[in-house]
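For reference, TrEMBL has these:
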DOMAIN    41-291  domain 'G-protein coupled receptors family 1 profile'
TRANSMEM  26-48  transmembrane segment
TRANSMEM  60-82  transmembrane segment
TRANSMEM  94-111  transmembrane segment
TRANSMEM  131-155  transmembrane segment
TRANSMEM  199-217  transmembrane segment
TRANSMEM  238-261  transmembrane segment
TRANSMEM  273-293  transmembrane segment
Amino acid sequence: MELENNTQIPKFLLLEFSEEPEQQPLIFVIFLSMYLITLFGNLLIILLVSSDSRLHTPMYFFLSNLSFVDICFTSTTIPNMLWNIQTQSKVITYEAYCFTQIYFFLLFVQLDDFLPTVMSYDRYVAICHPLHYTVIMNAWLCALLVLVSWMIGALNSLLQTLLALSLSFCTVLEIPHFFCEFKEVIQLACSDASLNKTMMYFAVGLLGGGPFAGICYSYSRIVSSIHRISSAHGKYKAFSTCASHLSVVSLFYCTALGVYFTPAVTHNSHSSVTASVMYTVVTPVLNPFIYSLRNKDIKRALRKFFRMATILEPIVLRQKKC
C-alpha cells in the first residue's frame with residue numbers, strides 16, 4: 001500500500017459482521033428493528049416528559065436528555081450500516097464521513113457515560129437526603145450538570161478527532177467493524193500514533209472510569225439507605241430498581257472499557273464488534289424500558305397521553321371533513 005499523497009485520498013472499508021450474503025438480510029432486519037425500538041421508545045419518553053407537568057422534575061429532565069442522546073448515539077452508526085448492507089457497499093470516505101462519524105460517536109458515547117452518573121447522583125440525593133432534595137437539585141444545578149457534560153464531551157471529542165486527523169493513512173484500509181471505531185482507526189495509521197493512543201487511554205480512564213466510580217459510590221450509599229427501610233416490600237422494590245439500573249450501567253461500562261483497554265496482542269475483531277454492539281446498540285434499546293417504562297409515573301403519563309389521543313382523534317377527523 002502507498003502512503004497518502006496529494007492525489008490519493010484514503011478510503012476505509014467497513015468489514016462489518018459477515019461476508020456471507022445470505023446472512024445480510026437477517027442482520028439488516030435485526031439492526032433495523034433495534035434502531036426503530038430505540039428511536040420510538042426514546043422519542044416517546046421525550047414526548048411524555050415534555051407534555052406532562054408532573055414529570056417536570058430533575059430525574060425526568062435527565063432522563064429526557066439521556067433519551068435524546070441515545071437517539072443521536074445510535075443514529076451516528078446504525079443508519080450508515082443499514083445503508084451499506086442495502087447497497088452492498090463497504091466504502092466510507094476519509095474526512096467527509098469517517099472522522100465526522102468519529103467526532104459524533106465520541107461525543108455521544110461520553111454523554112451516555114456522564115448522564116447516567118448525573119442520574120445516579122440525583123437518586124442518591126433523593127434517597128439519602130430527601131429533606132434537602134429540592135434545595136440541592138434545583139433547576140440551575142440540573143441545567144449546569146447537563147451543560148458541563150456536553151462541554152466536556154464536545155471538547156474531548158474535538159481534541160481526539162483533530163489528533164487523529166493529523167495521522168497519515170494508506171490509500172485503502174480495512175476496518176473490522178460496522179462503523180469507524182476510533183481505536184481501530186488509529187491502529188491502522190501509517191505514521192506514529194503513540195500520542196493518540198496515550199490521549200485515548202487517558203481520556204477513557206479519566207472520563208470513563210471516573211463516572212463509573214461515581215455511579216458505584218452513589219448506588220453503594222443508596223443500598224445502605226435501603227437497608228434501613230422497615231417494609232420488606234419496599235426493600236424488594238428499591239433493590240429491584242437499583243439492580244436493573246446497575247445491570248444496564250455495568251453492561252455499558254464493561255463492554256466499552258473492555259473494547260478500549262484490550263491489549264492489541266490479544267485483540268479479537270469478532271469479540272470487539274460484539275462488545276461494541278452491546279454498548280452502542282443494546283444499551284440504548286434497554287434504557288427506555290429500564291429507566292422509565294417500568295416506572296409508575298411514566299405509565300400514568302402514557303395512559304393520559306393515549307386517552308388524550310383517543311379524545312382528540314374524532315375532533316380532528318370532524319375538522320378535516322368540514
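Even glycines carry a Cβ here, placed using N, Cα and C.
Listed as Cβ neighbours of the transmembrane segment (131-155) (distance under 8 Å, sequence separation of 6 or more from its ends, same chain) are residues 58, 61-62, 65, 106-108, 110-111, 114-115, 118, 121-122, 125, 207. The average pLDDT for the domain 'G-protein coupled receptors family 1 profile' (41-291) in the predicted structure is 85. The stretch in closest packing with the transmembrane segment (199-217), judged by the count of Cβ pairs under 8 Å and taken from 26-48, 94-111, 238-261, is 238-261. Among the recorded stretches 26-48, 60-82, 94-111, 273-293, the one sharing the largest number of Cβ pairs closer than 8 Å with the transmembrane segment (238-261) is 273-293.
Stretch with the largest number of CB pairs closer than 8 A to the transmembrane segment (273-293), among 26-48, 60-82, 94-111: 26-48. Counting only same-chain residues 6+ beyond the ends of the transmembrane segment (60-82), those with a CB under 8 A from a CB of the stretch are 14, 16, 28, 31-32, 34-35, 38-39, 42-43, 45-46, 49-50, 92, 97, 101, 104-105, 108-109, 111-112, 115-116, 118-119, 122, 142, 145-146, 178-179, 280-281, 284, 287-288, 291-292, 297.
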